[in-house]
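Chemist: Pulled from Swiss-Prot, these are the listed features:
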| type | residues | note |
| --- | --- | --- |
| BINDING | 12, 47, 48, 225 | substrate binding site |
| BINDING | 114, 151, 184, 211, 212, 213, 214 | ATP binding site |
């Protein structure tokens, strides 16, 4: 019987709704991953509601918790680390310390960094020190980097004028160290308004994918967290880059279809769980 992969997910958590680990953990478990959630912040709800309560985990607690796992002899079983929203740059450095500790215990372990920087229109902006950390430190350590368009622009200090520019920008990030760049949401002049586009760039391959863009009165939160978690999970389950890319897009689309059908603001993960595991429609990635 194949061994079940283990993944340490270090990102935010909300008590109500789905963002950060609350968006990613259950879907990753549903497709066959043992997830170890470590919450960088715990908020009552996501910040787009305009009000919330909660607290940030002190940075020193991150390696302390992981050291506890090492103490029971389980750290070498960790196959991957996923990081997302950070409450501070100090948290980010603590995560890189943990990544190094895990790679020492298991040299084959992967690290996927979702470089969450937020967006002015969505009411979630990380501190400048966090953006600097992601740009200057995290990208050099990550095996996989999963920015959205805003974050790609920040990494490259420019905005694209075409899809070709997006490819060039993602390729430039490979020089910092990652094996591949997954751009979770493309936005560039000339892009069709009725499509949602993604891009996957590695040293020897470039894949572009389109699916229908679904309309919502209020855009659901947590889609990027879901995307990064599913992509890393499929790699751990043995998919190559293209298949992980296509599966992730299809599964996320299934969640959004159910969310739209229910008129929900929060992602309908539970109702869509079977379609997360077995998407009904596959969107073919095109090699560029």
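Glycine too: its Cβ is placed from the backbone N, Cα and C atoms.
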Chemist: Can you count the other CB atoms that lie within 10 A of the CB of residue 47 (substrate binding site)?
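Modeler: Result for residue 47 (substrate binding site): 19 neighbouring Cβ atoms inside 10 Å.
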Chemist: Going by C-alpha distance, which of the binding-site residues 12, 47, 48, 225 is nearest to residue 151 (ATP binding site)?
Modeler: 225
Chemist: Across the record's substrate-binding residues 12, 47, 48, 225, the largest CA-CA distance in angstrom?
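Modeler: Pairwise Cα check on 12, 47, 48, 225 gives a maximum of 15 Å.
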Chemist: May I ask which of the binding-site residues 211, 212, 214 is closest to residue 48 (substrate binding site) if we compare their C-alpha atoms?
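Modeler: Closest by Cα distance to residue 48 (substrate binding site) among the binding-site residues 211, 212, 214: 214.
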Chemist: Might you list, by sequence position, any residue in that chain lying six or more from residue 213 (ATP binding site) with a Cβ less than 8 Å away from its Cβ?
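Modeler: For residue 213 (ATP binding site), the qualifying residues are 193, 194, 195, 196.
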Chemist: Hey, does DSSP put residue 225 (substrate binding site) in a helix, a strand, or just coil?
Modeler: helix
Chemist: Given the binding-site residues 114, 211, 212, 214, which lie close to residue 225 (substrate binding site), meaning Cα to Cα within 10 A?
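Modeler: Of 114, 211, 212, 214, within range: 114.
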